[in-house]
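Below: the structure, in structure tokens.
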Amino acid sequence: RESDHRAWTPVTYTVTRQNATVQGLIQGKAYFFRIAAENIIGMGPFTETTKEILIRDPITVPDRPEDLEVKAVTKNSVTLTWNPPKYNGGSDITMYVLESRLIGKDKFHKVTKEKMLDRKFTVEGLKEGDTYEFRVSACNIVGQGKPSFCTKPITCKDEIAPPTLDLDFRDKLIVRVGEAFSLTGRYSGKPAPKVTWLKDDIVVKEDDRIKIKTTPTTLCLGIVKSVREDTGRYCVTVENSTGSRKGFCQVHVVDRPSPPVGPVIFDEVFKDHMVVSWKPPLDDGGSEITNYIIEKKDTHKDLWMPVTSATVKTTCKIPKLLEGREYQIRIYAENLYGISDPLISDEMKAKDRFRVPDAPEQPIIKDVTKDSAVVVWNKPYDGGKPITNYIVEKKETMATRWVKATKDPIFPGTKFKVPDLLEGCQYEFRVSAENEIGVGDPSPPSKPIFARDPIAKPSPPVNPEAVDKTKNSVDLSWQPPRHDGNGKIIGYLIEFQKVGDEGWKQANLTADSCPETNYKVTGLTEGLTYKFRVKAVNAAGESDPAHVPDPVEVKDRLEPPELILDANMAREQHVKAGDTLRLSAVIKGVPFPKVTWKKEDHEVSPKADIEVTGVGSKLEIRNTVHEDGGMYSLTVENPAGSKTVSVKVVVLDKPGPPRNLNVSDVRSDSCYLTWMEPEDDGGSVITNYVVERKDVASAQWVAISSSSKKRSHMAKYLMEGTQYLFRVAAENQYGRGPYVETLKPIKAIDPLHPPGPPKNLHHVDVDKTEVSLVWNRPDRDGGAEITGYLVEYQEDGADEWTKFQTVPMLDCVVTGL
């Protein structure tokens, strides 16, 4: 039975001798055996083996070791290696015996130590130049086996072989952060080379992560849990006395990038979009950044919204923003190995933050010549974006269109020499600033300048003299200087000095207050004597003074008033109604006379504007009416006398209404109109009258005459029985005056007369108290149908007739007699 089973298995039933061979056992398993004797009566008891028996082959000495090789030879040593025998004889190898024989000798000598189990041994203490051969035997518990085949004869001398290097890695290796990598290879060389590892020309040292393992034939550099700093150019050097070999590998330890470098810069901010920029990550993870992922978030919400994931630039436009909302921007960098942690911006409100630059202040013009001028200005506020250009424009003062002074950019300087000016023309200049948003408003125009070469001071004025004086003033006059110094004469400065004094006083403070060649010096003291002098002034400065030749004594000079009448002060002045009446005259006299205007010896109307200057007076009435006509007088008076002039003013206007409109000779188809001329003919002859009529039932007036010069008219073609109104207006060359109208309607009917007497009155019957009368119609009815007959009676001898009654017919009975 097997040692680990309980069941017995029969091997044979009949064995007559005292031994047996058991077949079919399995090598390596342990068995128990038992035997029982049997006779004709039966089987006896079994006898078992006392211990288990392991089935294996019989034990012999080992076979000969294999592959005995010489690995290294020096001048006094030989290093050998070998492999174990194919069969160990059924028992474990207990030791190896290495033997050597000097060539020329017969015997081998044991060179190994006792109990050597290593299969490598260096035989030392040999003599340089001797030749040896070696063999090795294996021993087990049975004994020493056959020796191996002998090596070739080996002469003790140093072997030289240049290093060789066979690497298992390529020139480039890419490793993910956290992964391990190793650089391995094989090498050889005699004598044994020295192996050195370098990273970026620095010797690699072992630590917890970096392991270096070198055998006589293999080399290995291993790194566990690689980090980005392990990226570099690795070099292994194999070197002995005969030379060296090097192997290189560029190791890239790659990872996802580090976050983009902040802060996020808001380059442009508008109400509906922003433009942001950032800096690339400090570490791209060892792989080029493939794109950036940009997201936006309204700070009132928790949701990040994608903007783009396809940009490789470090700038991005953030669109579709709501004005006034605050936003944050989140930016990731991505490479082939993953996405970085985010860079998150500060909050930024969506509103227009940048604009075009402000307008510069008014520029200053310097260094003017006949064809150029230098424009100087101050930098304005740039609107939030740097100014990139200035635009200088010029225009002639009287022109309307501005022209650019140059097409080239002007930056960063704030002055520019404008060329190509026309000599003598007056120019203005203005400046605009430009940034990337656009061009700002232009500055106010500069002060006008004339394109002229620089000017010098003028020469003195010519021939100054005192032309008039009063008790407190002196009038001076002079001629312009002969040379203006190429500059316009701005004006003149007048100075005076009291005789006996040393200092000069200024009569006027600025030259532009006296642009003409005359001036009245006032505020002088009556009876004193003064000297006077005049200086001309241009932009370059003051001329030398020109002196009035003789001192002047200040006192009144009397001249009677004098009137020089203008054309509108002729004896009679006609003016059309609605126009402006102007009366004026030049007045002379020393002292200047008092001026009085009157109309018909009364004050003039308050609507009249009266102006008195130092040389004359003017009366002006706007929108004249007829009542403004009349006799106007102008009186001037001073201590030396007085003078008066008069002018008749006729205000020409439309005539007034005609007077005393009368209607007579009314017929059934006509009537006769008469009237008198207007009281006021408007200052012009009545040219004609306009006559109109109107049916009282109609709203329309109808003209029946518009050219009659007479003051009567026969109105014809009336409709009998229709009631009419009539009106008349007068016309002159200035228009038609108001109408005069009949007071009550006129009916178109012929005039009526009493009828004639009835004919053939006689009685046809008489009674004591009544009489029956008859008669015939009269010969004429007076223009209207007879409506009845009045019957009267009279007692004989009486004076009065008594009315009886009116009857319609041609008969009547008079009763009550």
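Heads up, residue numbers simply count up from 1 along the chain you see.
Backbone N, Cα and C define each Cβ position, glycine as well.
Here the structure is a predicted model, which means the values were calculated and not measured.
What TrEMBL records for 1-58, 64-159, 259-353, 359-454, 460-557, 657-751, 757-817 is domain 'Fibronectin type-III'. Positions annotated as domain 'Ig-like' by TrEMBL: 163-252, 561-646. According to TrEMBL, the feature region 'Disordered' maps to 455-481.
Within its own chain, the region 'Disordered' (455-481) is flanked in space by residues 487, 489, 492, 494, 496, 517-526, 530, 532-550, 552-557, 590-591, which lie at least six positions past its ends and keep a Cβ under 8 Å from the stretch. Restricting the average to the domain 'Ig-like' (163-252) gives a pLDDT of 91. When DSSP labels each residue, the domain 'Fibronectin type-III' (1-58) comes out as 0 helix, 11 strand, 47 coil, counted as helix, strand and coil in that order. When each of the listed stretches 1-58, 163-252, 561-646, 757-817 is scored by C-beta pairs under 8 angstroms to the domain 'Fibronectin type-III' (657-751), 561-646 comes out highest.
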